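What TrEMBL lists as domain 'G-protein coupled receptors family 1 profile' is 29-292. Taken from TrEMBL, the feature transmembrane segment applies to 13-37, 49-71, 91-112, 124-149, 179-198, 237-257, 277-299.
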């Protein structure tokens with residue numbers, strides 16, 4: 001640290017506790033998602049590979065971004081130098097961009113799973129998903145680091161940015177109108193495209209639901225029953241990931257609207273209000289594991305095994321002890337790692 005912060009007040013101490021509690025939830029929740037997917041072979045699927053990569057981005061938010069953002073938010077000053085400030089901001093922007101791109105890739109995956117299930121395995125496989133993940137991370141890295149280090153974002157506002165420094169240290173990024181608009185488009189255009197995709201998914205899911213409802217009054221063989229179960233599973237997965245998208249919009253949209261307003265109003269938004277919007281966006285990284293835990297049976301089952309057995313390697317013994325509908329088949333798969 002370049003400077004030593006002053007003694008903390010009670011309100012600052014409480015705020016630190018709250019922010020670091022959020023950080024702990026983010027790290028713990030996403031770590032459990034990653035462990036569940038990586039160690040249980042039955043969960044090794046193209047879709048879960050995307051979920052794993054998204055959880056990695058959320059975990060990095062908790063490890064690399066939030067601890068330092070907490071200091072900046074509580075102290076209203078930056079004590080870690082200009083060089084680290086740029087690095088911190090670049091990583092922050094990168095991980096947000098990674099999240100939105102991954103949500104788009106997940107929407108594409110769900111579209112083929114629900115709307116074109118016969119071609120799903122040929123169009124969406126590990127190779128295709130690997131390309132998705134690589135493109136998402138590389139584009140996010142180039143865009144975010146290039147934007148911050150080139151300083152194109154603040155052209156015309158250099159003097160104003162310098163005036164807002166704190167005791168000689170600053171970690172303030174004032175985006176000019178051009179780059180605020182570019183960033184807003186980089187957020188809203190993918191979100192709009194994703195909502196269109198999910199609209200088509202839910203339209204197709206509704207059509208399939210009506211077909212299945214009509215089939216219930218007719219005789220059908222075992223293969224048709226399996227197809228029904230598979231379609232139900234894919235629709236539920238699409239619904240869950242649609243909720244993930246909705247939560248993402250709820251968390252990040254206020255921040256981008258404030259950025260648009262600030263660019264027009266010459267940065268008139270109060271700093272505490274802007275900090276609240278930023279941290280609301282950060283909490284999105286905590287919500288995703290909660291959504292998986294609430295809606296995904298595989299995550300609840302994997303989590304129970306991890307927490308009750310202590311280590312994944314000990315789960316084999318539970319295969320002989322547990323025999324509940326829907327659980328035995330899961331355990332027979334997860335114990336093959």
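In case you wondered, yes, glycine gets a Cβ from its N, Cα and C as well.
Keep in mind that TrEMBL annotations are predicted by a computer and have not been checked by a curator.
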Cβ contacts the transmembrane segment (13-37)/the transmembrane segment (277-299), at least three under 8 Å, sequence gap 6 or more: yes
Long-range neighbours of the transmembrane segment (179-198), counting only residues six or more past its ends (CB under 8 A): 97, 100-101, 103-104, 107-108, 110-111, 143, 147, 152-153, 238, 242, 245, 248-249, 252, 256, 259-260, 262-263
